[in-house]
Amino acid sequence: MKWVTFISLLLLFSSAYSRGVFRRDTHKSEIAHRFNDLGEENFQGLVLIAFSQYLQQCPFDEHVKLVKELTEFAKTCVADESHAGCDKSLHTLFGDELCKVATLRETYGDMADCCEKQEPERNECFLNHKDDSPDLPKLKPEPDTLCAEFKADEKKFWGKYLYEVARRHPYFYAPELLYYANKYNGVFQECCQAEDKGACLLPKIDAMREKVLASSARQRLRCASIQKFGERALKAWSVARLSQKFPKADFTDVTKIVTDLTKVHKECCHGDLLECADDRADLAKYICDHQDALSSKLKECCDKPVLEKSHCIAEVDKDAVPENLPPLTADFAEDKEVCKNYQEAKDVFLGSFLYEYSRRHPEYAVSVLLRLAKEYEATLEDCCAKEDPHACYATVFDKLKHLVDEPQNLIKKNCELFEKHGEYGFQNALIVRYTRKAPQVSTPTLVEISRSLGKVGTKCCAKPESERMPCTEDYLSLILNRLCVLHEKTPVSEKVTKCCTESLVNRRPCFSDLTLDETYVPKPFDEKFFTFHADICTLPDTEKQIKKQTALVELLKHKPKATDEQLKTVMENFVAFVDKCCAADDKEGCFVLEGPKLVASTQAALA
């Protein structure tokens, strides 16, 4: 990259980076401005999401009261922006409403202490009390009951969905949740007319649930990236992702969008849901206004209403890679001015490297592209301090190859394991692997994470080679972030803490490299995990699997160096025991009689 060209790029980037694409007009009343922009229904939905994400234990009706109060106040401010309190910040208005809740101390304990603080510390305090794993009842869809509720009051049904999802997922991307709530109501509009409501509803609800959980995990990773590694981490991720999706867009267009996309996510992660949704709509408009310069795939998205438009843009397929792109080596390895360009503006130069690499490689995972950029940066830091920098960095692309080979080999190996054993067997192999790596982690967390990791086989292994790596690596990033979020709340393993905090892009390789934790002191054998009753016979298959996998984790915590053969023997005995007693006439009597024998045979097998 010649010096004159690079300076032009730097000036363009600096301008785009500072300007972004949003109008940033000031308004006398922020709440009136957002109410006017968003409309009453979206305003109410977003306020309900915000309160539900902060006050996760409050009943729905209490939240509805808070939403009504704030909506009426917003309408007052729309009518007269100079009305008392209309000039207050949204944080102040929301915080004041939260602090009015009579049962705040009783229900949330020291969260009530937040109310003694001033903004912005008060909002930060509320954010810190969000619970990623709240103790809430499992939702079980009953088609007839749900259809009756839907027909009785569609608006309330929509609100109840927002409330139930938001309080279970306190970082859910709010404008996306509005989109899913509308889709959810649409499913009931269709299926409640059907003769067999359950046959129509349940598969659609299950499919939507998977999408909603994936959306929640993606946003939780974005928020964790900002919280733990700063905006730069999310910007780098977004540059790689958008460069893959919009490979014909130029670097300055990509960085403009990245700057404001980061602002949108930062707002939502920070609880500023009204600003987040409003800015996201503006960003979607900008992208559609400039679609010809960005991607041929956007047209279908841009004809949709605002919530569907934003969702469609986020999910849009990658555009075709432009033909005749020059080789990467020309600007980033062969050019003798690389160090000059890098030292003049490191982030711009590395950003352009990431952009150029990503747009040429839609088949790579974002996390892999970020590892390539990180190692390229480390190489330049080393080489640019030497007497002959060019001789040092000229072969850098050969040195980067291992970062692509490592995940490809790992995926091949794990997909072979999945194809041999199926999803449940693959999950069990991962339970053994991860319990040995981090036996201090709680049993429910190890089971949850291993089951989720095991689903990567079903999700990704059947995909074509060009899609396997992004599917696998990016999915694993979400699951490992969940482990890190849960572990941060109650840290028990130094190894897990190290992998979670040292490097966002190297989390997966760090966990892959962990071995048996030799510092762990095995726990005593606990009979309760091998004591069962007749109720296990009527459990759904998934819950039966979880019972067995819980026992497997506990076995490993008792005997982390147990051989695969020992574990196989114990688990086969366990399955035979359950099958025998579930087939018996007196099931409970069988469990009482045979249970102690299972405990004895298990202890003998592990001796």
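Keep in mind that glycine also has a Cβ here, set from the backbone N, Cα and C atoms.
Now, the feature entries from Swiss-Prot:
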type	residues	note
SIGNAL	1-18	signal peptide
DOMAIN	19-209	domain 'Albumin 1'
BINDING	HIS27	Cu cation binding site
MOD_RES	SER29	phosphoserine
BINDING	GLU30, GLU267, ASP272, GLU275	Ca(2+) 1 binding site
DISULFID	CYS77-CYS86	disulfide bond
MOD_RES	SER82	phosphoserine
BINDING	HIS91, HIS270, ASP272	Zn(2+) binding site
DISULFID	CYS99-CYS115	disulfide bond
DISULFID	CYS147-CYS192	disulfide bond
DOMAIN	210-402	domain 'Albumin 2'
DISULFID	CYS223-CYS269	disulfide bond
MOD_RES	LYS228	N6-succinyllysine
DISULFID	CYS268-CYS276	disulfide bond
DISULFID	CYS288-CYS302	disulfide bond
MOD_RES	SER296	phosphoserine
DISULFID	CYS339-CYS384	disulfide bond
DOMAIN	403-600	domain 'Albumin 3'
DISULFID	CYS415-CYS461	disulfide bond
MOD_RES	SER442	phosphoserine
MOD_RES	THR443	phosphothreonine
MOD_RES	THR445	phosphothreonine
MOD_RES	LYS459	N6-succinyllysine
DISULFID	CYS460-CYS471	disulfide bond
DISULFID	CYS484-CYS500	disulfide bond
DISULFID	CYS499-CYS510	disulfide bond
MOD_RES	SER512	phosphoserine
DISULFID	CYS537-CYS582	disulfide bond
MOD_RES	LYS557	N6-methyllysine
MOD_RES	THR569	phosphothreonine
MOD_RES	LYS587	N6-succinyllysine
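Shown on the structure are the features that Swiss-Prot records.
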{"residue": "HIS27", "record": "Cu cation binding site", "Cβ within 10 Å": "13"}
{"residue": "SER82", "record": "phosphoserine", "Cβ within 10 Å": "9"}
{"residue": "CYS147", "record": "disulfide bond", "Cβ within 10 Å": "19"}
{"residue": "CYS223", "record": "disulfide bond", "Cβ within 10 Å": "23"}
{"residue": "HIS270", "record": "Zn(2+) binding site", "Cβ within 10 Å": "18"}
{"residue": "ASP272", "record": "Ca(2+) 1 binding site", "Cβ within 10 Å": "23"}
{"residue": "SER296", "record": "phosphoserine", "Cβ within 10 Å": "12"}
{"residue": "CYS460", "record": "disulfide bond", "Cβ within 10 Å": "22"}
{"residue": "CYS500", "record": "disulfide bond", "Cβ within 10 Å": "23"}
{"residue": "LYS557", "record": "N6-methyllysine", "Cβ within 10 Å": "22"}
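In sequence order, THR443 are the recorded positions from GLU30, GLU267, ASP272, CYS276, THR443 with a C-alpha within 10 Å of the C-alpha of LYS557 (N6-methyllysine).
Averaged over the domain 'Albumin 2' (210-402), the predicted model reaches a pLDDT of 96. Annotation: CYS484 carries the greatest number of neighbouring Cβ atoms among the disulfide-bonded residues CYS302, CYS484 [cut-off 10 Å, Cβ to Cβ]. Sequence-distant contacts of CYS86 (disulfide bond), defined by Cβ-Cβ distance under 8 angstroms and a gap of at least six in the same chain, are LYS28, SER29, ILE31, ALA32, THR76, CYS77, ASP80. For CYS268 (disulfide bond), the nearest of the recorded positions by C-alpha distance turns out to be HIS27; the candidates were HIS27, THR445, CYS500, CYS537. Between the alpha carbons (Cα) of CYS269 (disulfide bond) and HIS91 (Zn(2+) binding site) lies a span of roughly 13 Å. Distance from the CA of the residue listed as 'Cu cation binding site' to the CA of THR443 (phosphothreonine) is 51 Å.
The recorded positions near HIS91 (Zn(2+) binding site), taking a 10 angstroms Cα-Cα threshold over the set HIS27, ASP272, CYS339, CYS471, CYS484, are ASP272. SER82 (phosphoserine) sits 27 Å from HIS270 (Zn(2+) binding site), taking the CA atoms of both as reference points.
The Cα atom of SER442 (phosphoserine) lies nearest to that of HIS270, taking the binding-site residues HIS27, GLU30, HIS270, ASP272 as the candidates. Proximity note: of the listed recorded positions (CYS115, CYS484, CYS499, THR569), none has a CA within 10 Å of the CA of CYS223 (disulfide bond). Following the DSSP three-state reduction, the secondary structure of CYS276 (disulfide bond) is helix. When secondary structure is read from DSSP and collapsed to three states, SER442 (phosphoserine) falls in the coil class.
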